[in-house]
Amino acid sequence: MAPGKKGILERLDAGEVVIGDGGFVFALEKRGYVKAGPWTPEAAAEHPEAVRQLHREFLRAGANVMQTFTFYASDDKLENRGNKLTFTGAQINEAACDLAREVANEGDALVAGGVCQTPSYLSCKSETDVKAILKKQLDVFVKKNVDFLIAEYFEHVEEAVWAVEVLKKTGKPIAACMCIGPEGDMHGVSPAECAVRLVKAGAQIVGINCHFDPMTCVKAVKMMKEGVEKAGLKAHYMVQPLAYHTPDCSCQGFIDLPEFPFGLEPRILSRWDMHKYAREAYNAGIHFIGGCCGFEPYHIRAVAEELAPERGFLPAASEKHGNWGAGLEMHTKPWVRARARRDYWENLKPASGRPQCPSMSVPDGWGVTKGDDALMQQKEATSEDQLKKLFDRSKN
């Protein structure tokens, strides 16, 4: 950490608002640097200029945390289902750490090294095997001296606890996030109980990321907070949700939606939705507020603008953005100038422009989780026979 910078716990202990960044895998997939399906982060080594630029855009938008682009960078995931890479997991993780540090040093931002759930856990590998995979990533984060660690995107609290236990050995601050909603993890463990287990395992910050929209995630974090307080424990809280509306999702979240992952655009939250999210999260006592899949820099800017009174400043990107549309006062058309006001954008109900588009979808309810044959991971590419079985099953 650069001299003079306060650490993550120091900031949260002081009551400061910490703003995270957004969803790198989805953003870079749209830009042509990540392949949907594997969702692996080799772009950190293959196209560092793309990753660096996205970091800079989130920093300019107001983010205090540059999370390393290491999502799904464990060796078992990098080798999954025929994924062919020219870089090792260690090379990808090291490149990601260097890029995050370079940009963090351009502002008052911290570097967070991140690990997430593993294919090995879904394939019922042992605790020892799973921890060894996580430890391999952790060794890079220690070598690169990241400022704190994030264990995120865990569907099962058991694996999340294992991750925290591995990360705890570094002595660095730990944030732990489940990708669950109010219904709990994939085995029905409630958000409250998940949070208690994570805090007892050693996490100082607990929360929710991904799988659900902002208000659903905030609701789940509120449940976590209630559980931790009821257990007589202490923690800080964070939330990094999707930038998609998910009112029709069940416990599996947006992965069950028929639009996942290539038809989600009609569900994207507007910048004004993000103002509401930021205020709701802050009022709930959550002070580490960021985003995950679908979050672009303008979404993070909206969070930073909403919380500018609490933070005491606007982000640099607000130089090109009038408060509540004030920049529209300069527009040539009078009816557009008439939209340069807060009440217009706060009360707008955006149309989809799709005459036959339903307001909600029917999620795929396969109901599979750890141990199911369909989730057994493999290094070989998915065969035609395996795909046919899935196609046939989806028809039913």
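A Cβ is built for glycine as well, from the same backbone N, Cα and C atoms used for every other residue.
TrEMBL entries are annotated by machine, without manual review.
With a cut-off of 8 Å between CB atoms and residues at least 6 apart in sequence, the same chain places GLU152, TYR153, CYS177, CYS179, GLN240, PRO241, LEU242, GLY253, CYS292, CYS293 near CYS210 (Zn(2+) binding site), listed in sequence order. What TrEMBL lists as Zn(2+) binding site is CYS210, CYS292, CYS293.
Residues annotated as domain 'Hcy-binding' in TrEMBL: 6-307.
Residue counts for the region 'Disordered' (350-372) under DSSP, helix first, then strand, then coil, are 0 helix, 0 strand, 23 coil. According to TrEMBL, the region 'Disordered' annotation covers 350-372.
Between the binding-site residues CYS292, CYS293, the minimum number of other C-beta atoms within 10 Å of a residue's C-beta occurs at CYS293. Listed in sequence order, the residues GLY23, PHE26, TYR153, CYS179, ASN209, HIS211, GLN240, PRO241, LEU242, GLY291, GLY294, PHE295 complete the 8 Å Cβ shell around the Zn(2+) site centroid, once CYS210, CYS292, CYS293 themselves are left out.
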